[in-house]
Amino acid sequence: MKTSGTVYVFLLLLAFGIFTDISSACSEQMDDEDSYEVEKRGNACIEVCLQHTGNPAECDKACDK
């Protein structure tokens, strides 16, 4: 009986460890996606600005680069 209790506790700790690893990996991936979206939007701003003005320095200022 004591062995089954020990196995049960071990399985609970293992499940908790796996859950925390997965949740931390997901949060890191979300941070990477957020930074990519900001970079993507910034590049789109510069592209549109360059199409209208043709002045890279002005576009850098306008797009906060």
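Just so you know, glycine gets a Cβ as well, placed from its N, Cα and C.
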Exercise for the section: Going by Swiss-Prot, tell me which one of Cys26, Cys59 is disulfide-bonded to Cys49. Expected result: Cys59
Problem - Disulphide bridge to Cys45 as given by Swiss-Prot, partner from Cys26, Cys63 - result: Cys63
Handout entry: Among Cys45, Cys59, the one of these disulfide-bonded residues whose Cβ has the fewest neighbouring Cβ atoms within 10 Å
Key = Cys45
Practice task
Report, in whole Å, the straight Cα-to-Cα distance of Cys59 (disulfide bond) from Cys45 (disulfide bond).
Solution key: 8
Problem - Cβ neighbour count (within 10 Å, all chains shown) around Cys63 (disulfide bond) - result: 17
